[in-house]
Amino acid sequence: MLLKYVSDRGSVACGEMSSQVRLRLLPSARCLFDEPVQVKVEGLRSRQVVTMRARSTDEKGVVFSSSATYRADGSGKIDLLRDPSLSGSYVGVEPMGLLWSLKADALHKYFFKDNALQPHVVKFSVHEEDRVDRMLAEVTNERLLIGDGVSRVTVKGRNFQGVLFTPPGQGPFPAVLDVSTFASEKRASLLANKGFVVLAVPVYTDKPHNIKQTNLDHFKEAVDFLQQQPKVNKGVGIVSRSKGGEIALSLAAFVPGVEATVWINGCSAVSLVPLYYENQQIIPPLLFDTTKMIHTESGASIMKYGLENPLAAENKGSLVPIEQAKGRFLFVASEDDLCWDTKACMDQMVERLKHHGKENFETVWYPGAGHLMEPPYSPYCPSSFNGFISYVVLWGGEARAHAAAEVHLWSTIQEFFRTHLSCDAAQTKPKL
């Protein structure tokens, strides 16, 4: 294990560390990004009160940190699986709270961790109560996005670009197209660790205001590319969030071979720019009115009410005809999403499918969760700059509920794909 034990002469710049105190991460200080660790402290005084801290720097050089106050038991031990935080970034028993509560000193910062080749490095430390300069022990947690044996290849097609992740082994593996609003490898690489061949493709490779139309053909090309890979089964799954959601719905409705679609906090209609397929416009867009945004004292805005109502009768032409889809849907909505009214969109899609006699869907919604649903143990982000509309926006959600929802959703996505895609080889997981 990559544990940093402190010797009698061990010290750091901020002060002398105790030779008696040990900080451990179990089962290992090196793990995959989406795996929990058990944080334990030993060697404290009986009932000693200490401050636990975590610190990490994102890919833009922004430092994020968290802290929580704990009281040792009678034998001088603390176990975050068992013991409650008394105060700090969170309170109560939250075994992974130091990770999901990481935040920057400045407002409106999102933790950028999109390159799969570099691990998410977190320094855990234990200090005398409210004394940053009195560190008692520390350990570094390396949280890998890509496991041993998983290959990462940059792909540039005629009309798309992305990154392909392939698990070790002969396959065949189920294939998933990960459609993100902007380029990100996090979710795709972590799914590849679970035994899926995943192609990550962004909606935007240019600034959104430069885009005048969305061409579904470009994403169909990505689906075709996936199906041609030697290690994959024929059917393709799609996972998406936000703006990627309408692309996923459209692929399911218009492109053969899409067997399972995960729609997370998106819209039921095409938004902002028209959707084209085979050289003609097939769906006109809902437009966004920035004057309908609600501005708050924090400097962040609520954009939920800016988009034209997809449920209004005059906008029905912008809805994606999902009843044409042959595959299955998993609709996921956060009830505290301040970006889109995703719960209303989900309900509308369910009614549309039922109206057409369809039962090819599953739904899950999360009270207290916000828009940015990510793989588990990501730092919760309440607000940040939205490149989609070029405003700082509130994403919604309450940190604890949002973090719990991410853990549940991550296993739900995997189960959905294993059930509805051919997954004979998907049980083989890469090792660290």
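Note: Cβ is positioned from N, Cα and C throughout, glycine not excepted.
Residues annotated as domain 'BAAT/Acyl-CoA thioester hydrolase C-terminal' in TrEMBL: 215-422. Annotated active site, charge relay system per TrEMBL: SER242, ASP337, HIS371, in sequence order.
Location within the structure of each feature annotated in TrEMBL.
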residue	record	CB count, 10 Å
SER242	active site, charge relay system	25
ASP337	active site, charge relay system	27
HIS371	active site, charge relay system	26
Checklist entry - Cα of ASP337 (active site, charge relay system) to Cα of HIS371 (active site, charge relay system): how many Å, rounded? => result 5
Item to check | Rounded inter-Cα distance in Å - SER242 (active site, charge relay system), HIS371 (active site, charge relay system) | outcome: 8
